[in-house]
Amino acid sequence: MKKNLTNIYLIGPMGAGKTSVGSQLAKLTKRILYDSDKEIEKRTGADIAWIFEMEGEAGFRRREREMIEALCKLDNIILATGGGVVLDEKNRQQISETGVVIYLTASIDTQLKRIGQKGEMRRPLFIKNNSKEKLQQLNEIRKPLYQAMADLVYPTDDLNPRQLATQILVDIKQTYSDL
């Protein structure tokens, strides 16, 4: 049972549009958008790639868990999570208990296109050679976790962030009277 429905969490793979949709949700609701990866970078003063290089994935996931714990204590926020946030059971529990969880999906081709457009080929878990295979691997592992957490699911291949954000808010209001 959810304790708090005032937060909206966006989960899904890299390139699904979490930050783009989150930005529109924040504008429409007059809430603050947090991007967990950007918040980690702000707190540490280092970019995610550097953290992965110096501390490995385990070090990054520890920092991510601490950041999620801090952000989940806030009220009335929009949070765009990192794609791997679902790998940690504590993250899944905190997110599920403190807000509405929106799972944004995207095809591998859409993800590749968006990641390439943003110049994000340097993402730590994104291997430029075999990038399609790497995304498929990550999706196979993470998809069941995303699905288990999701309150609402939206495909974003034909994404118009503003229209999707508007639809999400309509659906949330129809589903949950607390928001």
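Cβ coordinates are placed from backbone N, Cα and C, and glycine is handled just like the others.
Taken verbatim from Swiss-Prot:
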BINDING   Gly15, Ala16, Gly17, Lys18, Thr19, Ser20, Arg122  ATP binding site
BINDING   Thr19  Mg(2+) binding site
BINDING   Asp37, Arg61, Gly83, Arg142  substrate binding site
Self-check item: Site of maximum Cβ density within 10 Å, from binding-site residues Gly15, Gly83
Solution: Gly15
Self-check item: Structural state of Gly15 (ATP binding site), classified by DSSP into three states
Solution: coil
Quiz item: Want to know which binding-site residues, from Asp37, Arg61, Gly83, Arg142, are within 10 Å of Lys18 (ATP binding site) at Cα; which are they?
Solution: Gly83
Quiz prompt | Proximal residue to Gly17 (ATP binding site) among binding-site residues Asp37, Arg61, Gly83, Arg142 (C-alpha distance) | solution = Gly83
Quiz item: binding-site residues Asp37, Arg61, Gly83, Arg142: which have a Cα within 10 Å of Gly15 (ATP binding site)?
Solution: Gly83
Quiz prompt | Residues satisfying Cβ distance under 8 Å from Arg142 (substrate binding site), sequence separation of at least 6 | solution = Pro13, Gly83, Gly84, Val86, Leu87
Practice problem: Using C-alpha atoms only, work out the spacing between Ser20 (ATP binding site) and Asp37 (substrate binding site) and round it to an integer in Å. | Solution: 14
Quiz item: If you draw a 10 Å sphere around the Cβ of Asp37 (substrate binding site), how many other Cβ atoms fall inside it, taking every protein chain shown into account?
Solution: 24
Quiz item: Taking Lys18, Arg61 as the binding-site residues to compare, which has the smallest set of other Cβ atoms within 10 Å?
Solution: Arg61
Quiz item: Looking at the binding-site residues Thr19, Ser20, which one has the fewest other Cβ atoms within 10 Å of its own Cβ?
Solution: Thr19
Exercise. According to DSSP, folded down to helix, strand and coil, what is Asp37 (substrate binding site)?
Key: helix
Practice problem: Write down the Cα-Cα distance for Ala16 (ATP binding site) and Asp37 (substrate binding site), rounded and given in Å. | Solution: 15
Quiz item: Which whole number of Å gives the largest C-alpha distance between any two of Asp37, Arg61, Gly83, Arg142, the residues noted as binding substrate?
Solution: 17
